[in-house]
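Worksheet: the structure to be examined is printed underneath.
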Ligand SMILES: N[C@@H](CCC(=O)N[C@@H](CS)C(=O)NCC(=O)O)C(=O)O
């Protein structure tokens with residue numbers, strides 16, 4: 001929270017100009033044994049997201065790939081927000097129909113009346129009490145894979161298989177630092193030196209990822225894992241937002257052949273591309289970040305029809321869902 005009570009989403013710029021992300025989360029976990037007071041229980045929890053947000057997008061994808069739609073319902077906030085953060089303005093009367101609230105802030109304050117940090121998505125809310133359980137997005141998606149197994153659909157893929165966890169964790173750590181958060185570090189840099197450093201760090205890592213993905217279809221092993229989901233939600237925002245708005249402009253994604261084909265392959269895989277709403281994505285960043293885009297003008301481009309062009313990544317082998325199956329077509333999200 002900023003000094004004026006404005007939610008900052010846990011972001012601030014240090015005196016030297018470096019962007020810093022507040023990584024203190026509500027770390028309560030929903031587990032099979034309920035050790036934090038919140039046992040896995042179908043129908044009890046509601047996942048609050050915005051389709052604009054890359055961190056929330058991961059949860060939307062993982063929930064869908066694992067077939068947890070009936071076990072965990074979803075509240076979808078609109079793409080933009082004001083100083084008090086996310087609102088349920090897509091719902092007919094501006095209220096989430098299950099939680100009965102207009103703002104996600106209400107669920108945070110129900111748990112912690114003086115909650116001092118950003119009101120962020122994704123968050124999981126305990127429906128009976130209306131309280132936020134967790135906003136720890138990284139742990140949340142791993143827990144959907146490992147704690148909610150009893151409610152996975154038949155044919156759900158293994159997104160965090162035990163034998164690959166160490167490697168997935170390693171890749172996730174560098175992808176978070178240099179790419180997922182790296183684009184923000186470029187966009188919110190408060191000095192030339194901080195921007196230069198962030199830019200090189202981002203593109204060096206993208207080069208590294210491009211090399212890694214030249215001979216293999218997915219980041220770890222031969223199936224889609226949590227690591228691919230995390231990289232995908234940043235890549236899909238690259239050309240419409242990060243290239244311009246965040247000045248990540250050495251190349252567009254569509255000018256980096258390997259990463260571009262990799263991203264298109266994932267985009268065209270059921271459960272990934274069908275969660276993407278480019279309009280929400282663009283409106284969120286360009287309208288909300290008035291500090292770096294004061295007029296709030298949303299660019300009309302780029303032309304995004306290129307996402308559906310052939311990628312030829314299947315020639316590398318790989319089995320997107322391993323021994324599992326793709327998710328069924330879904331009801332479109334709001
Ligand atoms: N809380 C996480 C990720 C979630 C996050 O930053 N979500 C953004 C949207 S992409 C948000 O909810 N911002 C709310 C705000 O700025 O008020 C973090 O900051 O590392």
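Heads up, residue numbers simply count up from 1 along the chain you see.
Placed from the backbone N, Cα and C atoms, the Cβ positions cover glycine too.
Bear in mind that TrEMBL entries carry predicted annotations, made automatically and left uncurated.
Taken from TrEMBL as is:
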type: ACT_SITE; residues: 53; note: active site, nucleophile
type: ACT_SITE; residues: 184; note: active site, proton donor/acceptor
type: BINDING; residues: 86; note: glutathione binding site
type: DOMAIN; residues: 161-288; note: domain 'GST C-terminal'
type: REGION; residues: 309-334; note: region 'Disordered'
type: SITE; residues: 242; note: site 'Lowers pKa of active site Cys'
type: SITE; residues: 285; note: site 'Lowers pKa of active site Cys'
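Within the set of recorded positions 53, 242, 285, 53 have a CB atom less than 6 Å from some atom of ligand 1.
Under 8 Å, Cβ to Cβ, and six or more positions away along its own chain, residue 86 (glutathione binding site) finds 48, 50, 77, 78, 103, 104, 105, 119, 121. Note on the domain 'GST C-terminal' (161-288): mean pLDDT across this stretch is 98. The closest partner of residue 53 (active site, nucleophile) among the recorded positions, by CA position, is 285; the full candidate set was 184, 242, 285.
Secondary structure at the residue listed as 'active site, proton donor/acceptor', taken from DSSP and collapsed to helix, strand or coil, is helix.
In the three-state DSSP classification, residue 86 (glutathione binding site) falls within a strand.
DSSP assigns residue 53 (active site, nucleophile) to coil, not to a helix or a strand.
Taking the C-alpha positions, the distance from residue 242 (site 'Lowers pKa of active site Cys') to residue 285 (site 'Lowers pKa of active site Cys') comes to 9 Å. The helix, strand and coil residue counts that DSSP assigns across the region 'Disordered' (309-334) are 4 helix, 0 strand, 22 coil. Looking at residue 285 (site 'Lowers pKa of active site Cys') and the residue listed as 'active site, proton donor/acceptor', their Cα atoms lie 11 Å from each other.
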